[in-house]
Structure formats: C-alpha cells, structure tokens
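One structure is given here, and the rest of the page talks about it.
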Amino acid sequence: MARPPQTVLLLAALMVLVTGVVAAVLPQPQLQLRNVAEPDVAADSFYSSFWNDGTAKVKYTNGPQGQYAVDWSGNKGNFVAGKGWNPGGPRAVDYSGTFAPNGNAYLSIYGWTTNPLVEYYIVESYGTHKPCSSPTDDATQKGNVTVDGSMYEIWTKIRKNKPSIQGTATFPQYWSIRTDKRVGGTVHTDDHFKAFVASGLKMGRHSYMIVATEGQDSNGTSSIVVGVAPSST
Ligand SMILES: *[C@@H]1O[C@H](CO)[C@@H](O)[C@H](O)[C@H]1NC(C)=O
Ligand SMILES: *[C@@H]1O[C@H](CO)[C@@H](O)[C@H](O)[C@H]1NC(C)=O
C-alpha cells in the first residue's frame with residue numbers, strides 16, 4: 001500500500017528536524033574551545049564568587065580583570081561577593097578601591113579551606129560593627145599579629161549548622177582583624193595563615209580566596225580592583 005502524501009511530507013519534515021538537531025548538538029564542543037582561546041577571556045584569570053542568602057538586595061557587577069562593584073540596599077539579609085583566586089593560599093594580595101557601607105559590612109580577604117572545613121576573614125575594614133567584638137558574637141581572642149603595617153587581632157568562633165562551601169555544616173571561623181582600618185594595600189596572606197596556625201587554629205586545603213565585600217542588614221557601595229595596589233599619594 002502506497003503511503004498517503006501527508007505521511008511522506010511528515011517523514012521528510014521529521015528528517016529535516018532530526019538533521020537540524022544533530023547539527024545543532026555536534027558543533028557545540030568546538031564552539032566552546034574557540035571561546036576559551038579568546039585572548040580577553042584568557043587574560044581574565046580572576047575567580048569571582050557571589051553568595052546571597054536570598055533576602056539581601058544586592059547588585060554585583062563583574063568588571064574586567066580584577067574589578068568588581070557592589071551596590072546593596074534594604075538593610076536586610078547577608079551576602080558575600082568579590083574576586084580573587086581558586087584555589088587561594090599564600091599570596092601578596094594587592095587591592096585598591098572604595099568601600100562605603102552604612103551599617104554592618106566587612107571588606108576582607110575571605111576564603112575557605114577543607115579538611116578541616118574553615119571559613120576565614122582577614123578584615124581590612126568594616127562598618128559599624130567590629131567583628132567578634134560583642135558578647136553575642138560568642139568569639140574567643142587567640143592572639144595578635146603585626147603584619148603589613150598594623151596589628152591584627154586573631155579571633156575564632158564556631159558556626160553551627162550554617163551555609164558553607166560543603167552545604168549546611170558546623171565549622172570554625174578564623175578572623176584576623178586589622179586594628180588600623182584601611183581600604184587598599186598589600187596583604188601577605190601567609191603571615192595571617194601562620195598566625196592562625198600558631199594560635200592553634202588548624203587550616204586545611206585551600207578552596208577559593210577573594211577580596212570580599214560582605215553586607216549584613218545594611219546598605220552601601222563598594223568598588224574594588226584586585227591585583228592593583230593603591231597609587232601612593
Ligand atoms: C542605610 O543604612 C543606614 C544605617 O542603618 C540607615 O540609617 C539608612 O536609612 C539606610 N539608607 C537607606 C537608603 O536605606
Ligand atoms: C592583643 O593585643 C591587645 C592590645 O594590645 C591586648 O590587650 C591583648 O591582651 C592581646 N591579646 C593576646 C591574646 O595576646
């Protein structure tokens with residue numbers, strides 16, 4: 001029995017469709033390879049991270065190379081955003097820019113290690129609240145270290161069932177808090193890591209490390225360039 005013309009047409013249409021789908025799927029890997037090889041993409045070797053608790057109203061803008069900007073409002077919620085490296089680790093971190101919070105916020109070299117899982121902050125500047133400074137912070141001071149032109153206070157506290165790079169977990173936070181606040185300079189992270197370890201605060205394998213803007217129930221702006229030290233005045 002001969003096929004009715006509609007069925008032939010339908011089959012032809014199906015074959016065109018299938019050929020089209022196969023053609024659309026196959027070249028994809030080659031396209032991706034070309035994208036990776038583009039010079040402007042390759043030159044931008046910075047890692048960026050933007051975490052939002054879902055209630056913070058925040059606009060994070062990734063610029064070229066080490067630039068980023070954050071604009072947040074609403075005085076509600078928590079976010080951490082910035083650029084750096086993955087993995088992080090011992091490094092002379094140059095950065096410059098502006099940090100203008102209203103309320104509670106931190107400008108830090110911020111990162112994580114695994115095994116043990118640790119969240120750490122090397123705080124360069126902050127808003128109204130000096131981290132770890134109030135009894136409700138439930139933090140313990142472990143020592144002090146003088147590095148890069150200022151004393152930093154070493155503190156630790158435990159985070160119970162909080163968000164982490166390994167999902168909700170219980171883990172320690174390590175803090176190194178600059179007593180002479182600044183926005184811009186060079187941070188020798190290894191000196192802080194050594195101070196943590198010397199204070200009995202064990203570190204693990206480095207995950208990402210960024211020059212982070214964090215806001216908590218606040219508003220403000222920051223505009224940071226990672227990899228560039230401030231020009232001397
Ligand atoms: C920003 O935060 C400050 C300090 O909490 C507050 O006084 C001010 O009203 C806030 N501004 C806006 C536009 O929300
Ligand atoms: C850190 O330095 C401060 C201020 O100089 C001092 O009061 C404090 O005792 C020191 N803390 C430790 C644990 O060394």
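Backbone N, Cα and C atoms are what each Cβ position is placed from, and that goes for glycine too.
Under the heading active site, nucleophile, TrEMBL lists GLU119. Here TrEMBL flags GLU214 as active site, proton donor. Residues or ranges marked as domain 'GH11' by TrEMBL: 34-227. Taken from TrEMBL, the feature signal peptide covers 1-23.
Of all the active-site residues listed here (GLU119, GLU214), it is GLU119 whose C-beta has the fewest other C-beta atoms within 10 angstroms.
Following the DSSP three-state reduction, the secondary structure of the residue listed as 'active site, nucleophile' is strand. Between the C-alpha atoms of GLU119 (active site, nucleophile) and the residue listed as 'active site, proton donor', the distance comes to 13 Å. On the 0 to 100 pLDDT scale, the domain 'GH11' (34-227) averages 94 in the predicted structure.
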